[in-house]
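Q: Dropping the structure in here first, questions after.
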Amino acid sequence: MEKHEEDNQTSPTEFLLLGMGDMPTLQIPLFLLLLTIYLVTMVGNILIVVLVVLEQHLHTPMYTFLGTLSSLETWYSSTTLPQLLASFLTGNRAISVHGCMAQFYFFSSFVATECYLMGAMSYDRYLAICQPLLYVSHMTWKFCLQLVAASWLVGVFVSATVTAFLSQINFCGPKTIDHFFCDFTPLLELSCSDTSVVTLVSFIVCFLSIIFPFLFTLISYVCIVATILRILSSVSRKAAFSTCSSHLIVVTIFYVTLFIVYLLPRTAPLRQLNKVFSFFYTILTPLVNPLIYSLRNREVREALRK
């Protein structure tokens, strides 16, 4: 008993990601499913990046944003899936504390970057539909690249801030993380020191990197929908809506699952449900993005046929 208490008071050098290890009979099917998802995600998103780079008629701000989003999704998937696949293959679900912090840092920076990038894409669509006469003068190549660079820089900065504070707390509880990757809340549950500062910092960062871009994106699409509904011609109305429908679908899937994950209480009965929704926004969203954009976008389909 004394030895157990002593272990609990010792800062661990590694964590054990429980993940989906409570389903031993499904390990091989899950490995094959996740491997297929990862390969399709990588191939699909890399293909979109290649198309945007090689096809001259896709050298526009909208497709620059799309290519950036696809490249982001490849990194986004690679922060969680390789570790998860390796655990299924080897049975070793341990991850070092430094490895866990690194995974959290890269994952959170990609999430924040994606939120700002989606906000930039919504602003691009707002200008194209609501202010078409100003689009060319406002959405220049320079401004487009500035928005892309700002999305990455903000994502990297806010993630580094939270990770720096998170790495300072003491982890002396159980070494097991009831999740399939190192996320903020599961890590915080293992702390035995005061977490009020890191919680406050994370709240401010979440507002700046998730809530603010979400509200900006929401307002942009409210204006877009209002403008589309005022168009008298049904053909023109359909054409206007088709230019932003793919992005709207992606934004809806991403934010709905993201909010459910972080607003859902982490009580024992809801932990498995939390994992399911985490699976949606961390693994399935990068998979469906290239499918949605390629299947619903005429110019991308034409570039694929070439």
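Each residue's number is its place along the chain shown, starting with 1.
Heads up, the Cβ atoms here are built off N, Cα and C, so glycines get one too.
These figures come from a predicted structure and were not determined experimentally.
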Q: According to TrEMBL, which stretch among 96-115, 276-295 corresponds to the feature transmembrane segment?
A: 276-295
Q: Decide whether the stretches the transmembrane segment (28-54) and the transmembrane segment (244-264) have at least 3 CB pairs under 8 angstroms, with pairs required to be 6 or more apart in sequence.
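A: Counting Cβ pairs under 8 Å, fewer than 3, so no.
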Q: Taking all residues of the domain 'G-protein coupled receptors family 1 profile' (44-293) together, what is their mean pLDDT?
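A: That region's mean pLDDT is 86.
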